[in-house]
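Lifted from TrEMBL, the feature list:
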- A:38-45, A:63-67, A:85-88, A:149-152: GTP binding site (BINDING)
- A:ASN49, A:THR52, A:GLY53: Mg(2+) binding site (BINDING)
- A:31-198: domain 'FeoB-type G' (DOMAIN)
- A:307-328: transmembrane segment (TRANSMEM)
- A:362-386: transmembrane segment (TRANSMEM)
- A:406-428: transmembrane segment (TRANSMEM)
- A:440-465: transmembrane segment (TRANSMEM)
- A:485-504: transmembrane segment (TRANSMEM)
- A:538-557: transmembrane segment (TRANSMEM)
- A:674-693: transmembrane segment (TRANSMEM)
- A:705-726: transmembrane segment (TRANSMEM)
Amino acid sequence: MAGGQLLSGRAGAGVSAAGLENAALRHPGALTRIALVGNPNSGKSSLFNQLTGLNQKVGNFPGVTVDRKTGISQLTSQHRAEIIDLPGTYSLYPKSLDEKVITDLFYDKTSNQYPDFVVVTVDASNLRRNLLLFTQLADMGLPTVLALNMMDVAEQHGVKIDIAALQQELGVPIIPMNARKGVGIAALKIVMAQTLDAPTVQFYSPEESLLPMIRQIRYYFNLHNDYLALHYAHQYRHINFLTPDERAYVQELTEQYQFKPLEQQAQETISRYQRINEVLLNCVSVTRTEQNEPYSNRLDRVLTHKVWGYLIFFSVLFLMFQAVFAWASYPMDLIDQGVAWINGLIQTNFDGPLINLLTEGVLAGLGGVLIFIPQIALLFAFIAVLEETGYMARVTFMMDRIMRRFGLNGKSIVPLISGVACAVPAIMSARTIENRKDRLITIFVTPLMSCSARIPVYTVLIGLVVPDAPVLGVFNLRGIALMGLYLLGFFAAILSAWAMKLLLKTQERSYFIMEFPVYRWPRWKNVGITIVEKVKAFVFQAGKVILAISILLWVLATYGPPGRIEQAETAARTEATAQRLSPEETEARVASERLENSYAGVFGHVLEPAIRPLGFDWKIGISLITSFAAREVFVGTMSTIYSVGQEADQQTVQQKLAAEKDADGQPFFTPARAFSLLVFYVFAMQCMSTLAATYRETKGWKWPILQALYMTGLAYVSSLVVYQLMQ
Amino acid sequence: MKDLQLGESGTICCLKDPEMALKLLEMGCIPGTQVRLNSRAPLGCPITVVVGDMADYTLSLRVSEAATIFLK
């Protein structure tokens, strides 16, 4: 399929029939594979969205935890191409694992992932720095198209670019465009539908003294040019597909020729800039417009002001929090009711164990996945706008110093605050943190922030043991207790981050230095695509895990050791008849007995010795197990165990709990027990959805498992201390 | 560079930390380039600098990173 009809309509430089045959040979019957590369903020994402629309797929790059975004673009009526969106980078020398993905792709020409050609997005208003990456790519010998983006901004800055001359100098087709508005997309697609030759202009030649080494590497690996061989000399330790012998060979050569990678790289960069300056001198003229101070600077004077800046930022955070916490609850209730309605419909019309599995296992699990969509969509609508406008860079700028102390990043503040509503979207929002270690720490500690699912647990237990008494006239003791729990979670998160900063080793050097973008209006198309992408990622990747666990939990709570549940039910019914209980009371008693004798109940009993030092009994043990589906299930489980009946509200549950007596006839829920349980709920990892989100964001089970162990361990120890001290 | 006053400009003379230098070079901080201290974060760090005599673009960086850049 790789373009049989392309011979007509040659456009731009470097298009040829010979190249076409090469491409057709390489991927017989395959789509043309095009890699999209560019500096951060060069409009690469906008271009990718324009080219592919919603035809996007997010996968994995092999071996690394970097999202691999691909999309199919309909270039002409008959020609489609696969576009790979690579992480933004300033150079082909990778500084992070994310950037390494790019070189991995370009180093191995024999790989079936090797792109047919590359589209480089370049910010026309900032040509000099953007061209650095382009010249490196061109020297790699990859057929390249230059998408000269942000022409409108360049014009505003008084930058005039002679496209024809620049095309001549750079030796590749250049498409002037404005990806945000879609200008130039059609022209770019026409060029992309062609098959291109490798660029003819060389921008950098390695020093003479390096040539013997480079040539040996080049011929040993049968590489197509010197510059690629030079990269092998730089990166051989990190090139996955080299065998140990091959690495040893390159290492030997670098030692033999006393190759100094840092110096060479610095010298190369300077030499490239010199060359770029020459090119720009001939093709670009700048008429210095005597403009007023840029509007961005004037905005920054307010938005990063030491008082107003923080006030505005906290208002933005508050609005976000409000959206995820309050506004999202309407669609969430609808989803909740919708799932309940379908469940009810099925249950009234059918019966049997499979139907129960469908309704209480599968559909309940599905509901548990869908329920997060409104929060994720709203949070990412906000985050996408903050990113698009350039405000996120200011957030990092203002918060970096404070957050850095604790091993976090300026951008960590967004996940942490969102975590107060729900850890699931919060963890997904940590994606905006470029630094790997900072991101990992943020993901790890975010679930310690008290999320909204803990509120029912908090209110029931606080209501049980904390008197409703005024403090200092204005405050309420219960309110203060509630705030204390939130602060406890917050400090645990901050301190854990600090500890992780000391413990986590990283070979990667972290840089803060980044481009400070000017303010722009958001592109709503980009915002929309971000929302769709995040929701899809959650539903399809985290959703699988959630669904599986909720089915497992259903099985645990429904089935028990053979015969045991039936026996218990019969006994309960006999007893109920003897005590002349009403049908409702009987059903509640039966449900309670069934749960006690299910596997979950058995585990609750098994768990009891382990949690007795915390003041918990097997009933709480069952609640801890079922809470793993979601913390708010605690109240529901407690009401089943204490046979409160179907229509349990918090008050009746509270009364039941208050009436519960221990072996000596004293109230079971003493302040010591209640606070121990509260502290447990503050710290413990009891949310399969959060674990699934961590799994999805860290692309493996290592971190979710560590997170669960750490948080639950912390919960155990803290509860132990609380109970033993207060008892 | 860390000693610049707000609004003050200087020309990059050399980069001290070799590894940091590579990153800075890639970001366009080539010796001979003019830089101007544009703003400081409310807590003094990070800072933003305008790079290039045509006021090409703005970078934000930590003071510790700026400290590796020497001006003439």
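Just so you know, the numbers here start at 1 and follow the chain as drawn.
Quick reminder: no glycine exception, Cβ is built from N, Cα and C everywhere.
Contact check: the transmembrane segment (A:674-693) against the transmembrane segment (A:440-465) gives at least three Cβ pairs closer than 8 Å, residues 6 or more apart, which meets the contact criterion. Here the transmembrane segment (A:485-504) does not lie next to the transmembrane segment (A:307-328) in space: the count of CB pairs under 8 Å, restricted to residues six or more apart, is fewer than 3. Straight-line distance linking the Cα atoms of A:ASN41 (GTP binding site) and A:ASN49 (Mg(2+) binding site), rounded to a whole number, equals 14 Å. According to its DSSP assignment, A:ASN49 (Mg(2+) binding site) is helical. Confidence annotation: the domain 'FeoB-type G' (A:31-198) carries a mean pLDDT of 87 in the model. Note on the binding-site residues A:GLY38, A:THR52, A:ASP67: the fewest other CB atoms within 10 A surround the CB of A:ASP67. Residue pair A:ASP67 (GTP binding site) / A:ASN49 (Mg(2+) binding site) shows a Cα separation of 16 Å. Between the transmembrane segment (A:440-465) and the transmembrane segment (A:538-557), fewer than three CB pairs separated by 6 or more residues in sequence fall under 8 Å, so the two stretches do not touch. Same-chain residues lying 6+ beyond the ends of the transmembrane segment (A:406-428) with a Cβ under 8 Å from its Cβ atoms: 317, 320-321, 324-325, 328, 372, 375-376, 379-380, 383, 386, 392, 395-400, 435, 437-439, 441-443, 445-453, 486, 490, 493-495, 497-498, 500-502, 504, 534, 537-538, 542, 687, 689-690, 693-694, 696-697.
Per-site Cβ counts within 10 Å over the binding-site residues A:GLY53, A:PRO87 peak at A:PRO87.
For the recorded site, A:ASN41 (GTP binding site), the DSSP three-state label reads coil.
Ranking the binding-site residues A:ASN49, A:THR52, A:GLY53 by the distance of their Cα atoms from the Cα of A:PRO87 (GTP binding site) places A:ASN49 first.
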